[in-house]
Amino acid sequence: MTKDFKQNVFQGRSVLAEKDFTAAELEYLIDFGLHLKALKKANVPHHYLEGKNIALLFEKSSTRTRSAFTTAAIDLGAHPEYLGSGDIQLGKKESTSDTAKVLGSMFDGIEFRGFKQSDAEILARDSGVPVWNGLTDEWHPTQMLADFMTVKENFGKLQGLTLTFMGDGRNNVANSLLVTGAILGVNIHIVSPKELFPTDEIQGIAKGFAEKSGAKLLITDDLDEGMKGSNIVYTDVWVSMGESNWEERVKLLTPYQVNMEALKKTGTPDDQLIFMHCLPAFHNTETEYGKDIEKKYGITEMEVTDEVFTSKYARQFEEAENRMHSIKAMMAATLGNLFIPRV
Ligand code: CP
Ligand code: NVA
(Lines of atoms letter the chains of each structure in order from A; the text may use other names.)
(Lines give C-alpha, C1' and ligand atoms only; values in the text may rest on other atoms or scores of the structure.)
(Ligands and ions follow the chains in the order given, each with its own letter.)
Protein backbone atom coordinates (compact mmCIF):
# COMPACT_ATOMS: atom_id res chain seq x y z
CA MET A 1 0.00 0.00 0.00
CA THR A 2 1.45 3.41 -0.90
CA LYS A 3 1.67 5.85 1.97
CA ASP A 4 -0.66 8.53 0.71
CA PHE A 5 -3.22 6.16 -0.77
CA LYS A 6 -6.57 6.64 0.94
CA GLN A 7 -8.57 3.46 0.49
CA ASN A 8 -11.86 4.87 1.65
CA VAL A 9 -13.58 7.59 3.65
CA PHE A 10 -14.20 5.23 6.58
CA GLN A 11 -10.71 3.86 7.31
CA GLY A 12 -9.64 4.71 10.86
CA ARG A 13 -12.86 6.57 11.68
CA SER A 14 -14.87 6.17 14.87
CA VAL A 15 -18.65 5.79 14.84
CA LEU A 16 -19.83 7.84 17.80
CA ALA A 17 -23.03 9.45 16.49
CA GLU A 18 -24.97 9.41 13.22
CA LYS A 19 -24.67 13.17 12.80
CA ASP A 20 -20.98 12.70 11.87
CA PHE A 21 -21.91 10.82 8.68
CA THR A 22 -23.42 11.82 5.34
CA ALA A 23 -26.45 10.13 3.81
CA ALA A 24 -24.18 8.47 1.21
CA GLU A 25 -21.89 7.11 3.93
CA LEU A 26 -24.76 5.71 5.99
CA GLU A 27 -26.36 4.20 2.91
CA TYR A 28 -23.06 2.58 1.97
CA LEU A 29 -22.82 0.94 5.41
CA ILE A 30 -26.45 -0.24 5.16
CA ASP A 31 -25.87 -1.74 1.69
CA PHE A 32 -22.58 -3.30 2.77
CA GLY A 33 -24.49 -4.91 5.66
CA LEU A 34 -26.99 -6.38 3.18
CA HIS A 35 -24.08 -7.69 1.10
CA LEU A 36 -22.36 -9.28 4.12
CA LYS A 37 -25.66 -10.86 5.13
CA ALA A 38 -25.85 -12.51 1.69
CA LEU A 39 -22.23 -13.70 2.00
CA LYS A 40 -22.91 -15.19 5.43
CA LYS A 41 -26.05 -17.00 4.19
CA ALA A 42 -24.03 -18.41 1.26
CA ASN A 43 -21.20 -19.50 3.58
CA VAL A 44 -18.70 -17.28 1.77
CA PRO A 45 -15.83 -16.32 4.16
CA HIS A 46 -15.07 -12.63 4.64
CA HIS A 47 -12.03 -12.36 6.88
CA TYR A 48 -11.40 -8.64 6.38
CA LEU A 49 -10.04 -8.21 9.92
CA GLU A 50 -7.71 -11.21 10.17
CA GLY A 51 -5.29 -10.78 13.08
CA LYS A 52 -7.04 -7.74 14.61
CA ASN A 53 -7.94 -7.47 18.30
CA ILE A 54 -11.25 -5.87 19.28
CA ALA A 55 -12.11 -4.68 22.82
CA LEU A 56 -15.78 -4.80 23.85
CA LEU A 57 -16.36 -2.41 26.76
CA PHE A 58 -19.73 -2.74 28.45
CA GLU A 59 -20.75 -0.50 31.38
CA LYS A 60 -24.41 -1.42 30.77
CA SER A 61 -25.79 -4.89 30.07
CA SER A 62 -26.56 -6.19 26.59
CA THR A 63 -27.78 -9.25 24.72
CA ARG A 64 -27.85 -8.14 21.08
CA THR A 65 -25.02 -5.62 20.89
CA ARG A 66 -22.54 -7.84 22.71
CA SER A 67 -23.53 -10.92 20.68
CA ALA A 68 -23.49 -8.98 17.41
CA PHE A 69 -20.03 -7.47 17.98
CA THR A 70 -18.66 -10.84 19.15
CA THR A 71 -19.95 -12.93 16.25
CA ALA A 72 -19.25 -10.20 13.69
CA ALA A 73 -15.64 -9.89 14.89
CA ILE A 74 -15.14 -13.68 14.72
CA ASP A 75 -16.70 -13.89 11.22
CA LEU A 76 -14.28 -11.15 10.14
CA GLY A 77 -11.31 -13.13 11.47
CA ALA A 78 -10.72 -10.78 14.43
CA HIS A 79 -10.43 -11.64 18.12
CA PRO A 80 -13.05 -10.01 20.37
CA GLU A 81 -12.38 -9.55 24.09
CA TYR A 82 -15.25 -8.68 26.46
CA LEU A 83 -14.42 -6.20 29.22
CA GLY A 84 -17.43 -5.72 31.52
CA SER A 85 -17.93 -3.01 34.12
CA GLY A 86 -16.71 -5.35 36.86
CA ASP A 87 -13.59 -6.34 34.91
CA ILE A 88 -11.74 -3.09 34.28
CA GLN A 89 -11.14 0.22 36.04
CA LEU A 90 -12.80 2.56 33.51
CA GLY A 91 -13.63 5.70 35.44
CA LYS A 92 -13.40 4.06 38.87
CA LYS A 93 -9.66 3.85 39.63
CA GLU A 94 -8.39 4.95 36.22
CA SER A 95 -9.49 7.83 34.06
CA THR A 96 -11.22 7.17 30.74
CA SER A 97 -8.34 8.94 29.01
CA ASP A 98 -5.67 6.70 30.59
CA THR A 99 -7.79 3.63 29.84
CA ALA A 100 -8.03 4.76 26.20
CA LYS A 101 -4.25 5.00 25.90
CA VAL A 102 -3.73 1.51 27.33
CA LEU A 103 -6.44 -0.16 25.27
CA GLY A 104 -5.35 1.65 22.11
CA SER A 105 -1.86 0.23 22.48
CA MET A 106 -3.16 -3.34 22.45
CA PHE A 107 -6.42 -3.36 20.54
CA ASP A 108 -7.11 -2.33 16.94
CA GLY A 109 -10.69 -1.21 17.62
CA ILE A 110 -12.88 -0.54 20.67
CA GLU A 111 -16.62 -0.93 21.16
CA PHE A 112 -18.04 1.13 24.02
CA ARG A 113 -21.47 0.85 25.66
CA GLY A 114 -21.99 3.14 28.59
CA PHE A 115 -23.68 6.14 30.08
CA LYS A 116 -21.84 9.26 28.96
CA GLN A 117 -21.37 10.18 25.32
CA SER A 118 -18.30 12.13 26.48
CA ASP A 119 -16.64 8.84 27.52
CA ALA A 120 -17.05 7.49 23.98
CA GLU A 121 -15.54 10.74 22.69
CA ILE A 122 -12.57 10.57 25.09
CA LEU A 123 -11.91 6.94 24.12
CA ALA A 124 -11.91 7.92 20.45
CA ARG A 125 -9.70 10.95 21.04
CA ASP A 126 -7.08 9.23 23.16
CA SER A 127 -6.94 5.60 21.99
CA GLY A 128 -5.80 6.26 18.43
CA VAL A 129 -8.04 3.46 17.12
CA PRO A 130 -11.64 3.44 15.85
CA VAL A 131 -14.23 3.53 18.64
CA TRP A 132 -17.74 2.25 17.94
CA ASN A 133 -20.59 3.50 20.11
CA GLY A 134 -22.63 0.49 21.23
CA LEU A 135 -25.14 2.80 23.02
CA THR A 136 -24.86 5.76 25.35
CA ASP A 137 -27.55 7.78 27.13
CA GLU A 138 -27.66 10.02 24.04
CA TRP A 139 -27.25 7.90 20.90
CA HIS A 140 -27.46 4.33 19.57
CA PRO A 141 -25.83 4.52 16.13
CA THR A 142 -25.17 0.80 15.52
CA GLN A 143 -28.87 0.19 16.16
CA MET A 144 -29.64 2.65 13.35
CA LEU A 145 -27.54 0.78 10.81
CA ALA A 146 -29.52 -2.41 11.53
CA ASP A 147 -32.84 -0.57 11.65
CA PHE A 148 -32.54 1.20 8.31
CA MET A 149 -31.07 -1.99 6.81
CA THR A 150 -34.26 -3.75 7.95
CA VAL A 151 -36.40 -0.97 6.48
CA LYS A 152 -34.55 -1.24 3.16
CA GLU A 153 -34.93 -5.03 3.15
CA ASN A 154 -38.67 -4.68 3.64
CA PHE A 155 -39.44 -1.76 1.33
CA GLY A 156 -36.55 -1.86 -1.15
CA LYS A 157 -35.92 1.84 -0.49
CA LEU A 158 -35.59 4.43 2.28
CA GLN A 159 -36.43 7.87 0.90
CA GLY A 160 -40.02 8.98 1.22
CA LEU A 161 -41.08 6.38 3.79
CA THR A 162 -42.51 7.49 7.13
CA LEU A 163 -41.24 6.02 10.39
CA THR A 164 -43.16 6.81 13.58
CA PHE A 165 -41.55 6.34 16.96
CA MET A 166 -44.08 6.25 19.78
CA GLY A 167 -42.98 6.26 23.43
CA ASP A 168 -40.18 8.00 25.33
CA GLY A 169 -39.34 10.62 22.72
CA ARG A 170 -36.13 11.75 24.38
CA ASN A 171 -34.30 8.46 24.81
CA ASN A 172 -31.21 7.35 22.88
CA VAL A 173 -33.15 5.35 20.27
CA ALA A 174 -35.65 8.16 19.63
CA ASN A 175 -32.78 10.67 19.27
CA SER A 176 -30.96 8.42 16.84
CA LEU A 177 -34.05 7.64 14.75
CA LEU A 178 -34.93 11.33 14.46
CA VAL A 179 -31.47 12.38 13.33
CA THR A 180 -30.72 9.35 11.13
CA GLY A 181 -34.09 9.58 9.36
CA ALA A 182 -33.48 13.29 8.81
CA ILE A 183 -30.08 12.55 7.22
CA LEU A 184 -31.41 9.72 5.03
CA GLY A 185 -34.60 11.43 3.83
CA VAL A 186 -36.96 9.20 5.82
CA ASN A 187 -39.88 11.15 7.34
CA ILE A 188 -39.81 10.79 11.13
CA HIS A 189 -42.73 11.28 13.51
CA ILE A 190 -42.11 11.28 17.25
CA VAL A 191 -45.35 10.67 19.16
CA SER A 192 -45.01 11.16 22.89
CA PRO A 193 -46.33 13.24 25.78
CA LYS A 194 -45.00 16.82 25.69
CA GLU A 195 -42.83 16.14 28.76
CA LEU A 196 -40.90 13.57 26.72
CA PHE A 197 -40.42 15.46 23.47
CA PRO A 198 -36.84 15.43 22.13
CA THR A 199 -34.72 18.29 23.48
CA ASP A 200 -34.41 21.51 21.47
CA GLU A 201 -30.79 20.60 20.75
CA ILE A 202 -31.68 17.23 19.20
CA GLN A 203 -34.60 18.75 17.28
CA GLY A 204 -32.26 21.45 15.97
CA ILE A 205 -29.72 18.91 14.71
CA ALA A 206 -32.46 16.88 12.99
CA LYS A 207 -34.06 19.97 11.40
CA GLY A 208 -30.71 21.00 9.92
CA PHE A 209 -30.36 17.65 8.15
CA ALA A 210 -34.02 17.48 7.12
CA GLU A 211 -33.69 20.78 5.26
CA LYS A 212 -31.07 19.13 3.04
CA SER A 213 -32.66 15.68 2.62
CA GLY A 214 -36.29 16.75 2.34
CA ALA A 215 -37.35 14.49 5.24
CA LYS A 216 -40.53 15.72 6.96
CA LEU A 217 -40.29 15.75 10.74
CA LEU A 218 -43.25 15.82 13.09
CA ILE A 219 -43.07 15.94 16.90
CA THR A 220 -46.53 15.63 18.42
CA ASP A 221 -48.51 14.36 21.41
CA ASP A 222 -51.51 13.68 19.16
CA LEU A 223 -51.80 10.00 18.25
CA ASP A 224 -54.13 10.48 15.30
CA GLU A 225 -51.88 13.08 13.69
CA GLY A 226 -48.67 11.19 14.50
CA MET A 227 -49.75 7.75 13.31
CA LYS A 228 -51.29 8.90 10.04
CA GLY A 229 -49.43 7.69 6.96
CA SER A 230 -46.79 5.66 8.84
CA ASN A 231 -45.01 2.77 7.14
CA ILE A 232 -42.94 1.79 10.14
CA VAL A 233 -44.25 1.99 13.70
CA TYR A 234 -41.39 1.76 16.18
CA THR A 235 -41.24 1.72 19.95
CA ASP A 236 -38.76 1.15 22.77
CA VAL A 237 -38.88 0.56 26.53
CA TRP A 238 -40.49 3.27 28.66
CA VAL A 239 -37.62 3.25 31.16
CA SER A 240 -34.09 3.03 29.77
CA MET A 241 -30.98 1.57 31.40
CA GLY A 242 -29.77 3.94 34.11
CA GLU A 243 -33.34 5.18 34.85
CA SER A 244 -35.79 3.86 37.47
CA ASN A 245 -38.88 6.12 37.26
CA TRP A 246 -41.35 3.36 36.39
CA GLU A 247 -44.41 4.86 38.08
CA GLU A 248 -44.08 8.22 36.32
CA ARG A 249 -43.46 6.59 32.93
CA VAL A 250 -46.32 4.09 33.21
CA LYS A 251 -48.66 7.02 33.94
CA LEU A 252 -47.29 9.22 31.16
CA LEU A 253 -46.87 6.59 28.47
CA THR A 254 -49.84 4.22 28.84
CA PRO A 255 -51.83 6.25 26.25
CA TYR A 256 -48.84 5.88 23.90
CA GLN A 257 -48.74 2.07 23.85
CA VAL A 258 -48.35 0.48 20.41
CA ASN A 259 -51.48 -1.67 20.07
CA MET A 260 -53.72 -2.69 17.18
CA GLU A 261 -55.83 0.44 17.58
CA ALA A 262 -52.73 2.61 17.19
CA LEU A 263 -51.64 0.64 14.09
CA LYS A 264 -55.10 1.17 12.55
CA LYS A 265 -54.66 4.92 12.92
CA THR A 266 -51.88 4.78 10.31
CA GLY A 267 -54.44 4.15 7.56
CA THR A 268 -51.61 2.36 5.73
CA PRO A 269 -52.34 -0.77 3.64
CA ASP A 270 -51.15 -3.97 5.37
CA ASP A 271 -48.40 -4.69 2.85
CA GLN A 272 -46.91 -1.21 3.42
CA LEU A 273 -46.80 -1.34 7.22
CA ILE A 274 -44.33 -2.96 9.63
CA PHE A 275 -43.65 -2.83 13.38
CA MET A 276 -40.12 -2.53 14.78
CA HIS A 277 -38.56 -2.56 18.26
CA CYS A 278 -34.86 -2.42 19.15
CA LEU A 279 -35.51 -4.92 22.01
CA PRO A 280 -35.63 -5.96 24.80
CA ALA A 281 -39.43 -5.45 24.94
CA PHE A 282 -42.09 -5.63 27.63
CA HIS A 283 -44.95 -7.31 25.77
CA ASN A 284 -45.91 -9.89 28.43
CA THR A 285 -45.08 -10.88 32.01
CA GLU A 286 -42.42 -13.48 31.22
CA THR A 287 -39.67 -11.34 32.77
CA GLU A 288 -38.87 -10.34 36.36
CA TYR A 289 -39.56 -6.69 35.52
CA GLY A 290 -42.79 -7.62 33.73
CA LYS A 291 -44.04 -9.52 36.78
CA ASP A 292 -43.05 -6.70 39.11
CA ILE A 293 -44.85 -4.10 36.97
CA GLU A 294 -47.99 -6.27 36.89
CA LYS A 295 -47.92 -6.51 40.68
CA LYS A 296 -47.40 -2.76 41.17
CA TYR A 297 -49.51 -1.22 38.39
CA GLY A 298 -51.83 -4.03 37.23
CA ILE A 299 -50.66 -4.02 33.60
CA THR A 300 -49.33 -7.04 31.69
CA GLU A 301 -47.92 -5.20 28.66
CA MET A 302 -46.11 -1.89 28.39
CA GLU A 303 -44.80 -0.20 25.23
CA VAL A 304 -46.26 -2.84 22.85
CA THR A 305 -49.05 -5.36 23.18
CA ASP A 306 -48.33 -9.03 22.71
CA GLU A 307 -50.86 -8.97 19.87
CA VAL A 308 -48.75 -6.49 17.87
CA PHE A 309 -45.46 -8.14 18.91
CA THR A 310 -46.62 -11.50 17.50
CA SER A 311 -48.52 -10.05 14.52
CA LYS A 312 -47.75 -10.20 10.80
CA TYR A 313 -46.41 -6.63 11.04
CA ALA A 314 -43.62 -7.54 13.48
CA ARG A 315 -40.00 -7.38 12.26
CA GLN A 316 -38.12 -7.06 15.58
CA PHE A 317 -36.28 -10.36 15.30
CA GLU A 318 -35.07 -9.71 11.73
CA GLU A 319 -33.97 -6.32 13.04
CA ALA A 320 -32.05 -8.03 15.88
CA GLU A 321 -30.27 -10.37 13.45
CA ASN A 322 -29.34 -7.40 11.28
CA ARG A 323 -27.40 -5.92 14.20
CA MET A 324 -24.71 -8.49 13.45
CA HIS A 325 -24.51 -7.95 9.69
CA SER A 326 -24.49 -4.15 9.97
CA ILE A 327 -21.96 -4.04 12.81
CA LYS A 328 -19.79 -6.30 10.68
CA ALA A 329 -20.05 -3.82 7.80
CA MET A 330 -19.13 -0.92 10.07
CA MET A 331 -16.10 -2.68 11.58
CA ALA A 332 -14.84 -3.89 8.19
CA ALA A 333 -15.24 -0.45 6.61
CA THR A 334 -13.48 1.43 9.40
CA LEU A 335 -10.71 -1.09 10.08
CA GLY A 336 -10.36 -3.41 7.09
CA ASN A 337 -8.30 -1.36 4.60
CA LEU A 338 -10.98 -1.98 2.00
CA PHE A 339 -11.09 -0.25 -1.35
CA ILE A 340 -14.37 1.69 -1.32
CA PRO A 341 -14.44 4.27 -4.13
CA ARG A 342 -16.97 7.08 -4.60
CA VAL A 343 -18.75 7.31 -1.25
N1 CP B 1 -31.10 -3.32 20.98
C2 CP B 1 -30.05 -3.49 21.81
O3 CP B 1 -29.13 -2.67 21.87
O4 CP B 1 -30.09 -4.63 22.54
P5 CP B 1 -29.10 -5.00 23.73
O6 CP B 1 -29.34 -4.02 24.84
O7 CP B 1 -29.49 -6.42 24.11
O8 CP B 1 -27.70 -4.92 23.24
N1 NVA C 1 -33.51 2.98 25.32
C2 NVA C 1 -33.04 1.66 25.69
C3 NVA C 1 -32.44 0.97 24.52
C4 NVA C 1 -32.01 -0.43 24.77
C5 NVA C 1 -31.41 -1.07 23.54
C6 NVA C 1 -32.03 1.79 26.82
O7 NVA C 1 -31.16 2.68 26.73
O8 NVA C 1 -32.11 1.03 27.78
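Each Cβ is built from the backbone N, Cα and C atoms, and glycine gets one as well.
According to TrEMBL, D236, S240, M241 bind L-ornithine; the candidate from N172, N175, N187, N284 that the record adds to this site is N172. Matching R13, R315, R323 to the carbamoyl phosphate binding residues that TrEMBL gives (S62, T63, R64, T65, Q89, R113, H140, P141, T142, Q143, C278, L279) identifies R323. Put simply, of the binding-site residues N172, D236, S240, M241, the one whose Cα is nearest the Cα of H140 (carbamoyl phosphate binding site) is N172. Using D236 (L-ornithine binding site) as the reference Cα, a 10 A cut-off selects C278 from the binding-site residues S62, R64, C278, R323. The binding-site residues examined here are N172, S240; by Cβ neighbour count within 10 Å, the least packed of them is S240. Only C278, in sequence order, out of the binding-site residues D236, S240, C278, R323 have a CB under 6 Å from ligand 1.
Here the binding-site residues are M241, C278; the one with the fewest Cβ atoms within 10 Å of its Cβ is M241.
The binding-site residues recorded for this entry are N172, S240, M241, and the Cα of M241 lies nearest to that of Q89 (carbamoyl phosphate binding site).
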